[in-house]
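*Asks:* Here it is, the structure, as structure tokens.
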Amino acid sequence: MAKRDYYEVLGVNRNATEAEVKKAFRRLAMKYHPDRNPGDKDAEVKFKEAREAYEVLCDSRKRASYDQFGHAGVEQTFGGAGAGGFGFGDLGDIFGDIFGDIFGGARGGQAREQRGADLAYELVLSLEEAVHGLSRTIKVPTWINCKTCNGSGAKGSSPATCPRCNGSGQMRMQHGFLQVQQTCSVCRGRGQVIKDPCTDCHGQGRQQQTKTLSVKIPPGIDTGDRIRLAGEGEAGLFGAPPGDLYVQVRVKPHPLFHREGNDLHSEVPMDFTTAALGGEMEIPTLDGSVRLTIPPETQGGKQFRLRGKGVKALRSGAVGDLICHIVVETPVKLSPEQKDYLKQFAELLKKDEKNHSPRTRNWFDSVKDFFTSK
């Protein structure tokens, strides 16, 4: 049976914060945990499903992979076993994890490294840039490791073990039947204290700076695609691992083309004499212009497909087409002489209207039949 969407399992939207994900899982865990539903197989399955969703959506790396590739992006995490790969854990362990994070704590009685936050950057591209690809230099305000203390927060000295929590970074507290962990108020979860803080970073181990990065944009990228730059997010506290930078692509509207998948579409205006008599037109494409032969009696709305003049697919390499939509233009601002010629032409058409304007004649016949049948 196909797995359900993790966001659907927890009942949250795709923009849910980590706190909202935790709250949703806590509600489901209280309802379906096997300790509260002994012998209930349905509750057991629902609990496993909720915990799997929680494990993915509360991990920024797993969540990013899931958002981009679906279940295939995280299947190795669970060894292909699906929800069945999880143990239940007792309620204290589960809520110790959740409450610990809410109050700034961590699991396992060990100090937690405070990994740097992930960053997002919107990159606006022209259609030509998105189709052909390029390298773009961007500037990102962020936190970097302090160069003076190399990220330790302690210039010329070493951090000492926190005397309050003995290096665990956590203090255990009892809340009714639950035993939860709370971040140590002295070391703030690090497990170490700095007696001589670095004056440049005030003991944080990092400083604010604008980084200049080169981003390689692959050909065929489109609005909504993301490029992940691993380790280019904010530096972690006290030398902890950095976060990632996600470059979100947005392609600007183009005056001539609009994109649908790997195909490009373009409206091509045409004067009515060329539409009636045929001819040749020069059609712009993203790779230069091409000559298009227009057959006589071309009607408005006719589509011409130029093979291979679309977009090269980002992953498969297949190339789309350019689809030209013909718009027959009615002449405006006619001179008296031009109007006279058109009137003479119209009189000539009326002599054999069924052959010259079959769609018009068929339409009038349909209208006549509609009213006479009532």
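Every residue number used here counts from 1 along the chain in the order it is shown.
Including glycine, each Cβ sits where the backbone N, Cα and C put it.
The model shown is predicted, which means the values in this text are computed figures rather than measured ones.
What Swiss-Prot lists as Zn(2+) 2 binding site is Cys162, Cys165, Cys184, Cys187, and the listing cites sequence analysis. Taken from Swiss-Prot, the feature domain 'J' covers 5-70. The repeat 'CXXCXGXG motif' annotation in Swiss-Prot covers 146-153, 162-169, 184-191, 198-205. For 133-210, the entry in Swiss-Prot reads zinc finger, with the evidence type sequence analysis.
For the listed features, I'd like the structural context: burial, neighbours, distances.
*Replies:* Break the domain 'J' (5-70) down by DSSP state and the numbers are 48 helix, 0 strand, 18 coil.
Sequence-remote contacts of a segment are chain residues at least 6 beyond its ends whose Cβ falls under 8 Å from one of its Cβ atoms, and for the repeat 'CXXCXGXG motif' (146-153) they are 159, 194, 197-201, 203-207, 235, 237-239.
Mean pLDDT, taken over the repeat 'CXXCXGXG motif' (162-169), works out to 84 on the 0 to 100 scale.
The DSSP breakdown of the repeat 'CXXCXGXG motif' (198-205), given as helix, strand and coil counts, is 0 helix, 0 strand, 8 coil.
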*Asks:* Find, for the listed binding-site residues Cys162, Cys165, Cys184, Cys187, the residue with the lowest Cβ contact count at a 10 Å cut-off, counting only other Cβ atoms.
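*Replies:* Sparsest of the binding-site residues Cys162, Cys165, Cys184, Cys187 by Cβ contacts within 10 Å: Cys162.
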